[in-house]
Every structure is written in structure tokens, then in C-alpha cells.
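First comes the structure, then the notes that go with it.
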Amino acid sequence: MELQEVLRMNGGEGDTSYAKNSAYNQLVLAKVKPVLEQCVRELLRANLPNINKCIKVADLGCASGPNTLLTVRDIVQSIDKVGQEKKNELERPTIQIFLNDLFPNDFNSVFKLLPSFYRKLEKENGRKIGSCLIGAMPGSFYSRLFPEESMHFLHSCYCLQWLSQVPSGLVTELGISTNKGSIYSSKASRLPVQKAYLDQFTKDFTTFLRIHSEELFSHGRMLLTCICKGVELDARNAIDLLEMAINDLVVEGHLEEEKLDSFNLPVYIPSAEEVKCIVEEEGSFEILYLETFKVLYDAGFSIDDEHIKAEYVASSVRAVYEPILASHFGEAIIPDIFHRFAKHAAKVLPLGKGFYNNLIISLAKKPEKSDV
């Protein structure tokens with residue numbers, strides 16, 4: 001099965017769907033919103049081509065479920081709020097928003113929500129139906145999506161940790177795994193494995209910046225939020241807990257060791273310094289803002305029961321990783337993986353060691369020399 005076919009969230013609206021298990025991401029989006037407003041404010045000051053008539057925006061790696069339109073709402077509200085602050089504003093610009101993700105993404109679940117979303121925009125923002133136009137642009141964000149110099153603003157949240165492919169060199173010529181017992185570039189991975197993952201991330205992120213800089217107008221903006229490495233040596237991110245759960249099944253005899261050793265996630269969690277260095281090395285963008293912050297896995301969860309919290313965290317992670325796990329290990333073992341995941345989560349949550357480190361970076365496309 002092709003990798004792109006399983007790089008998606010759980011679709012639909014069932015108990016294990018991303019739509020039902022993505023409340024955590026709403027907390028991240030709330031943290032990003034003030035930075036988004038400032039980014040839009042700077043964008044509207046830049047006087048880009050046609051921006052007073054139609055602002056063209058894309059959400060790269062939009063996923064599905066209510067969070068997709070929550071992101072859209074935040075973008076629209078930010079544009080309208082900043083627009084109201086401008087003097088002599090005569091008319092709101094039309095906003096054209098493209099939702100991007102891989103072809104298997106459950107776009108239909110998003111489209112079903114659009115009629116009520118448009119009505120809500122009209123009621124709460126006074127935006128007439130037709131003044132905000134939302135469509136899909138499926139495809140990999142590591143490839144060209146839009147014409148040259150056609151976009152004003154690109155947004156992406158929690159997507160850049162996904163690589164375009166599993167790094168090469170993780171299996172020797174004799175077919176032996178160089179990342180035994182691990183499923184990504186973890187703290188336990190050998191240095192050659194860590195280098196292979198960093199090299200793949202560097203290649204992919206450089207491609208991402210180059211391609212999308214070509215799609216943006218000069219002075220266009222890009223706002224990226226991603227998971228990043230922290231400095232805490234004993235903290236456990238969700239993939240660490242997932243790795244521990246799968247290893248449990250091997251030790252218990254429910255899963256062959258070879259099955260674990262032949263599995264590597266196409267995921268890399270960069271440090272803030274790595275992201276900064278790649279942006280500077282690629283050269284198309286100026287860094288306007290960079291911040292890191294933590295969000296606990298169970299933040300915003302009101303029930304004070306560690307086991308219920310752990311099940312909640314397990315469901316959130318399952319909604320993200322089930323498709324790719326099921327394609328390799330089979331669907332039957334998925335409940336067992338996340339049952340053990342919840343047990344590990346229940347141990348780290350009371351200690352405050354279960355959280356994501358996050359990075360927000362705001363970028364502006366540098367002008368061409370002829371524009372200066």
C-alpha cells in the first residue's frame with residue numbers, strides 16, 4: 001500500500017474518528033490565534049496585489065472534522081478584525097480559502113459542515129454568504145499546489161512533522177533493522193538513525209519552503225505550527241508512549257519482534273533551532289516571530305480521574321495514527337496497542353511529564369531583487 005494512502009486521520013464521525021477526538025488541537029489553535037491576528041495585520045499592511053478585493057489563503061494539511069473549520073473561522077475572524085481597525089475601509093474583501101491535504105483525507109465530512117458554517121459566519125461576523133469561498137486543493141504539500149505568485153497567506157498546523165517518506169538507510173543490505181525496538185527517531189535510536197531522519201526532514205522542509213515561496217506574492221505570509229523537541233530529558237511524547245505499547249506486545253508474545261523492527265513512522269520531531277536553521281539556509285523567507293510552548297496531553301480535560309484521562313489521550317492519538325499502524329500491524333491488534341498506550345499514559349500524566357512541545361514560526365516571503 002502506498003504511504004500516501006494511509007497518511008490520514010481516522011475519517012467519519014465514529015467513536016475513533018479524528019472528528020470526535022481532536023479537542024487537544026483546539027487548545028493549540030487557541031494559543032496560535034493571537035499570533036495569527038498579528039500575522040494578518042502585517043499582511044494587510046503589506047499592500048499585496050489584489051488583496052483589497054480578494055485575499056487568497058490556504059490551510060496546508062487541514063485534516064478533517066470540526067478543527068478544520070475552526071482554523072478557517074480563526075483566519076476569517078482575524079482578517080475581519082484587522083480590517084475593521086483600518087481607517088476608511090469601504091468594503092470587506094472576499095476571502096478565498098483552499099483546504100489542502102492528501103487525497104485520502106475525508107474532505108466530504110468538512111463539506112457537509114459548510115452550509116451551517118456559512119450561516120454562522122453571516123450571523124456572527126456579518127459576512128454575506130458568497131463573501132467567503134471555501135474549496136479543496138488535494139495533494140501533497142511537498143509538491144506544487146498553486147500557480148506562481150497567486151497566494152497571500154499560507155497556514156499549517158501540526159503537519160510538518162510528517163515526512164514525505166520513511167528515511168532511507170534504516171535497513172542494512174542484509175535486511176537487518178538499524179532502528180530495532182524503535183518506531184521513529186527516538187532518544188534510544190542510534191546516531192545514524194537520528195541523522196537519517198534529520199536529513200529527510202531537512203530535505204522535505206527545504207522543498208516545502210522553496211515550493212510555497214514560489215506560490216506566494218512577495219511579502220506574502222506563512223504561519224507554521226509544529227511539534228518540536230523540548231529540553232526535558234525525562235518527558236514522554238505520544239510517539240514514545242506508542243513505541244512502548246508496541247514493545248509491550250512483543251514482550252508479551254502477541255507481536256513478532258521482526259514486525260516491530262520493520263516499522264518506522266515517517267515522522268520527525270525537529271528542534272526549534274533545526275527549523276530556524278533550515279529557514280535561514282533555504283533563504284526565501286524572513287523570520288518575523290518564533291516561539292515555543294507546552295500543552296499537556298490532558299489540558300482542558302475536566303474529569304479528575306487519571307485512567308479516564310489516559311483513555312482520552314489514547315483515543316486522541318489513535319485517531320491520528322490508526323490508519324498507518326493498521327496498514328502494517330493489522331486492524332485486529334489496534335485496540336491492544338492503545339489499551340497498553342493508556343496504561344503508560346496513566347503513569348506519566350500525574351507526573352506532569354505527558355505533553356507536547358510546540359513551535360510557532362511566522363514567516364514573510366522576501367521580495368525579489370527587482371521588487372526592492
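Here the Cβ of each residue, glycine as well, is placed from N, Cα and C on the backbone.
Same-site candidate for Mg(2+) binding, as annotated by Swiss-Prot with D261, F263, N264, chosen from N179, N357, N358: N179. Site annotation for xanthosine in Swiss-Prot covers N21, N25, Y158, Q161, W162, S316, Y321, and the matching candidate from Y289, Y356 is Y356.
According to Swiss-Prot, the residue from Y18, Y184, Y197 that belongs to the S-adenosyl-L-homocysteine site alongside C62, N67, D101, L102, S140, F141, C157, C159 is Y18. Look at N179 (Mg(2+) binding site): DSSP puts it in coil. When the Cα of Y321 (xanthosine binding site) is compared against those of the recorded positions F141, H155, C159, N179, D261, the shortest separation belongs to C159. If you measure from the Cα atom of N25 (xanthosine binding site) to that of D261 (Mg(2+) binding site), you get 30 Å. With a 10 A radius on its CB, N21 (xanthosine binding site) counts 23 other CB atoms from all the protein chains.
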